[in-house]
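Everything on this sheet refers to the single structure shown next.
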Amino acid sequence: MAMHLCYSLLLLTSLCFLLRPIAATDGDADPIYKGCVEQCEKTGCVGGRCFQHCKFSSDGKPVDGPWYMHEPLYLRWKQWDCRTDCRYYCMLAREEERTKLGDKPVKYHGKWPFRRVYGIQEPVAVALSALNLAIQFHGWVSFFILVYYNLPLRPDKKTYYEYTGLWHIYGILSMNSWLWSAVFHSRDVELTQKLDYSSAVALLGYTLIVAILRAFNVRDEATRVMISAPLIAFVTTHIMYLNFYELAYGLNVKVCMIMAILQLLIWAVWAGISKHPARRKLWLVVVGGGIAMLLENFDFPPYKGYVDAHALWHATTIPLTFLWWSFIRDDAEFRTSSLLKKVK
């Protein structure tokens, strides 16, 4: 009962953060910053740093060919243009001035002032996204080996575990989501943003479906389709809205948070009433996931220009993912053992 109460309070707090107003960014409205960007686009320089690709001829065309050919090879694929470089270095210069005056960092064009590493916008978030991708791959492979090589199979060589196919799809969607997360944090443009948001929404929608099917022990294919169809339609509509109508960040956050909270509630209730042998692992994932959502909502400036709340959220998902796949494997063993007892 105490655990249920703590978790309810945790969810209420998450909802409060979800409904809080979002403050407008001030950095790009700063006259000093705007003046720096305008001057940079004319001269191609910020302080003592000049950008070759900011040099244009009288007809507006870049001097000596396309601007990106002046960049080192490892930066060309990033496709930084004159404006983005001017904004970046003007932001750094302005933040240095603000730090000397004792002012706190502010957001520029909706993002905190991150420091690049080899052209990567958010290097810590990229590294942690890659680690999450590796953990998901490890979890999926270990699950595959367990159900097909370590556990008994039916006479038709299919697994006894009724949710094998669902978890395979989950593994693929998870790895896809973390891949695009790494790409998006590496270079934030409209295309990478859409791919990151779309893959995350698809994953959350699918995990909500899996939570319903497993918690209610739905094994009939027709019933699974009836339950999944409206959720798939909703997720598909939302993804199309983001990609072809409006890339609405605030709306997307609310949709993702609601789907995440719903599935955490389903798993929490199921863990509380079931006698599953791995329910303690599930409880840890549920409570950890709730705390991680709170961390995601504590939006603070990146420490030293590298580590912000979102990066820390990526860090928390690494042990949670490892624990989650451990629960899935335990569930496969538990269900297989139960079905074999019935067969005998």
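Cβ coordinates come from backbone N, Cα and C, glycine included.
TrEMBL annotations: computationally assigned, not manually curated.
Feature annotation from TrEMBL assigns signal peptide to 1-24.
Here TrEMBL flags 124-151 (among others) as transmembrane segment.
Residues 125-126, 129-130, 132-133, 136-137, 139-140, 143-144, 147, 192, 195-196, 198-200, 202-203, 206-207, 210, 213-214, 314, 321, 328, 331-332, 335 of the same chain, all 6+ positions outside the transmembrane segment (163-183), place their C-beta atoms under 8 angstroms from a C-beta of that stretch. The transmembrane segment feature in TrEMBL is assigned to 163-183 (among others).
The annotation transmembrane segment is assigned in TrEMBL to 195-213 (among others).
The annotation transmembrane segment is assigned in TrEMBL to 225-245 (among others).
The transmembrane segment annotation in TrEMBL covers 251-270 (among others).
The annotation transmembrane segment is assigned in TrEMBL to 282-298 (among others).
If you look up TrEMBL, you'll see 310-328 (among others) marked as transmembrane segment.
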Give residue numbers and ranges for long-range contacts of the transmembrane segment (225-245): same chain, 6 or more residues beyond its ends, CB-CB under 8 A.
194, 197-198, 201-202, 205-206, 208-209, 212-213, 218, 252, 255
Could you check whether the transmembrane segment (310-328) packs against the transmembrane segment (124-151) - three or more CB pairs closer than 8 Å, residues at least 6 apart in sequence?
yes
Cβ under 8 Å, sequence separation of at least 6 from the ends of the transmembrane segment (124-151): give me the contacting residues as numbers and ranges.
159-161, 164, 167-168, 171-172, 174-175, 178-179, 181-182, 185-186, 306-308, 310-311, 314-315, 317-318, 321-322, 324-326, 328-329, 332-333, 336
